[in-house]
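Trainee: First the structure, which I've put down as structure tokens, then a few questions once you've had a look.
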């Protein structure tokens, strides 16, 4: 009798994706982040579902409903903080995953890469709208500032902003629709992730060497299921350390003050995982220019395959590109730090230099370094 896992219409899909999947034998821990992102997404959907049972999306009661969840609901505090800090873990895994893709040349799988970029934008939109829901000071002003950026679009900008707001300012209509979108988008992310995986399994995984591993494949289970479980345990350990010991470490104290349209906080800033993009936005004095730079800071990933001038796929044997990659990482950390600082000297200048360097590394230095490395191969 044939094994049910290979014949049953549903189970054979799971089998070909997670059990008998031929996988390169040499993929490192950097390949763990895909499964960790899946775990983060499921965790966020589950905790979010339980929060939505007690949350009210009304400007008068939103803040107090979050307080009610933390004080009165059984284990409400842990659900709320797992959701808030789960978002941070989600973005840590996301940036590691994208960084891995850049380092090892995984962007040559065009469909998988482009779906990944769409996923990144969708997750960022979801996180932004989620940050608005507690209706604290930073929620309100963050929503006001970021949605207002759309007014920089010529001709239709102002109408577009008012259409998104559902009025002439961020108010009840805005909060209600943000809650609706924040609830539905994770399921869109789930569907996109399935498509992402579908395209990945068409080609098979990349590996650290960047050369074809068709001659050396091993089954996903038990080798990588065990490895993924270890990664998951470490992820949950870090998340629970955050949740149980310093749940507000990554949050903003201003968000413990209820939203007040008449009082602007001294420093409006988004969550830490958006600070690098926020710093790029602020470093350009022109409003439309800033918005374009903000979008391009992520969209630039889409042209990574076009800028690939190297004869080798990954950076494993390319020391110049490696140095530039880690310079890019340092630059992003600098931008993250700058995004959280007030707009004053010397932070403005540092932010502008870091922003220029970010685009220069990706658009100019890396392609040139690849050409130099190609020539070194001939020596």
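Numbers run from 1 along the shown chain.
Positions of Cβ are set from backbone N, Cα and C atoms, glycine also.
Since the structure is predicted, the reported quantities are computational estimates derived from the model, not experimental observations.
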Trainee: Of 55-76, 77-98, 143-164, which span is tagged transmembrane segment by Swiss-Prot?
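Mentor: Range annotated as transmembrane segment by Swiss-Prot: 77-98.
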Trainee: Out of 263-283, 347-367, which range is noted as transmembrane segment by Swiss-Prot?
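Mentor: Checking Swiss-Prot against the ranges 263-283, 347-367, the transmembrane segment one is 347-367.
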Trainee: Which one is closest to residue 97 (heme b b566 binding site) in space, judged by CA to CA distance, out of the binding-site residues 83, 182, 201?
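Mentor: Ranked by Cα distance from residue 97 (heme b b566 binding site), first place goes to 201.
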Trainee: Non-local Cβ contacts of residue 83 (heme b b562 binding site) (under 8 Å, 6 or more apart, same chain)?
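Mentor: In sequence order, 44, 47, 48, 51 meet the Cβ cut-off.
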Trainee: May I ask whether the transmembrane segment (33-53) has at least three C-beta pairs under 8 Å with the transmembrane segment (226-246), counting pairs 6 or more apart in sequence?
Mentor: yes
Trainee: Under 8 angstroms for C-beta pairs, at least 3 of them, ignoring pairs fewer than 6 apart in sequence. Is the transmembrane segment (33-53) in contact with the transmembrane segment (320-340) by that rule?
Mentor: no
Trainee: Count, for each of 77-98, 178-198, 320-340, 347-367, the Cβ pairs lying under 8 Å from the transmembrane segment (113-133), and report the range with the highest count.
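Mentor: Stretch with the highest Cβ contact count: 178-198.
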